[in-house]
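Visitor: Shown below is the structure under consideration.
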Amino acid sequence: MRVHVADHPLITHKLTVLRDRETPSPTFRALAEELVTLLAYEATRDVHVVEVPVTTPVAETTGLAIATPRPLVVPILRAGLGMLEGMVKLLPTAEVGFLGMVRNEETLQPDIYAERLPDDLSDRQCFVLDPMLATGGSLIAAIDYLLARGAKDVTAVCLLAAPEGLKAVEEATAGRDVTVVLGAVDSHLDENGFIIPGLGDAGDRLYGVV
Ligand SMILES: O=P(O)(O)OC[C@H]1O[C@H](OP(=O)(O)OP(=O)(O)O)[C@H](O)[C@@H]1O
Ligand SMILES: O=c1cc[nH]c(=O)[nH]1
Ligand SMILES: [Mg+2]
């Protein structure tokens with residue numbers, strides 16, 4: 001597994017505002033999108049491309065276009081939905097599939113409650129969006145799901161991760177083509193499986209308490 005942790009003052013600044021418990025939902029949503037666009041730049045570094053001819057006003061040359069099959073962006077509902085617009089802004093030709101997952105807050109086990117994805121993901125590059133990588137259970141389940149359907153590789157874009165969860169994803173995906181791009185790696189998980197210092201419950205902060 002490849003891991004890339006962002007190291008840029010703008011990203012840390014925006015994350016700092018997200019962490020602040022006084023930041024209201026509208027600002028939180030806007031910042032989550034901006035952060036994804038910045039992280040997407042790194043996440044798409046190995047996106048498949050093909051050479052194409054292009055005629056400029058003064059010459060013939062070659063450039064690059066996104067290859068087919070088109071990349072698939074998969075936000076993990078609910079909280080990952082807050083990252084979708086920021087990602088497709090940078091990758092407008094991507095297709096979008098959805099996975100609905102909820103973590104049981106007692107057992108910390110993930111449950112898939114909704115799925116809307118192409119049946120065949122052969123040769124697809126998949127980009128999973130979820131702001132929080134806590135125990136890693138949700139991301140491991142999402143990656144397993146996509147690879148089982150034939151995805152070629154999976155890149156996860158997360159705003160925050162706990163070291164425990166990152167290690168769990170690394171162990172569970174050994175030998176497979178998985179990349180994780182992160183805004184920051186925090187200190188640890190608390191006894192409730194929350195990222196410390198973190199930002200609280202990302203879904204609730206984006207969309208309200210359920
Ligand atoms: O790494 P894990 O321990 O699996 O936890 C992380 C998951 O928890 C959150 O979702 P949640 O289950 O709260 O659903 P929500 O997005 O609907 O709030 C988060 O968005 C991840 O999907
Ligand atoms: O800190 C955490 C852990 C799981 N899910 C969240 O939204 N936040
Ligand atoms: Mg939640």
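Using N, Cα and C of the backbone, Cβ positions are placed for all residues, glycine too.
Features from TrEMBL:
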type	residues	note
DOMAIN	5-208	domain 'Phosphoribosyltransferase'
BINDING	Arg78, Arg103, Asp130, Pro131, Met132, Leu133, Ala134, Thr135, Gly136, Gly137, Ser138, Asp201	5-phospho-alpha-D-ribose 1-diphosphate binding site
BINDING	Ile195, Gly200, Asp201, Ala202	uracil binding site
Visitor: Which binding-site residues from the set Ser138, Ile195, Gly200 come near ligand 1, judged by a Cβ under 6 Å from any of its atoms?
Guide: Ser138
Visitor: Please list, in sequence order, every residue of the chain apart from Ile195, Gly200, Asp201, Ala202 whose Cβ lies within 8 Å of the Cβ centroid of the uracil site.
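Guide: Other same-chain residues near the uracil site: Pro131, Met132, Phe194, Gly198, Leu199, Gly203, Asp204, Arg205.
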Visitor: Check the Cα-Cα distances from Ala202 (uracil binding site) to the binding-site residues Asp130, Met132, Ala134, Ser138 and tell me which is shortest.
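Guide: Going through Asp130, Met132, Ala134, Ser138 one by one, the Cα closest to that of Ala202 (uracil binding site) is Met132.
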Visitor: Does any of Asp130, Met132, Ala134, Gly136, Ser138, Ile195 have a Cβ within less than 6 Å of an atom of ligand 3? These are the binding-site residues; tell me which, or none.
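Guide: With ligand 3 as the reference and 6 Å as the Cβ limit, the list is empty: none.
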Visitor: For the binding-site residues listed here, Gly136, Gly200, which shows the highest count of neighbouring CB atoms within 10 A?
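Guide: Compared across Gly136, Gly200, the most Cβ atoms within 10 Å surround Gly136.
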Visitor: In terms of DSSP three-state secondary structure, what is the assignment for Ile195 (uracil binding site)?
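Guide: Going by the DSSP assignment, Ile195 (uracil binding site) falls within a strand, counted as strand.
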Visitor: According to DSSP, does Met132 (5-phospho-alpha-D-ribose 1-diphosphate binding site) sit in a helix, a strand, or coil?
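Guide: Its secondary structure by DSSP: strand.
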Visitor: Calculate the distance in Å between the alpha carbons (Cα) of Asp201 (uracil binding site) and Met132 (5-phospho-alpha-D-ribose 1-diphosphate binding site), and round it to a whole number.
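Guide: Here the two Cα atoms lie 9 Å apart.
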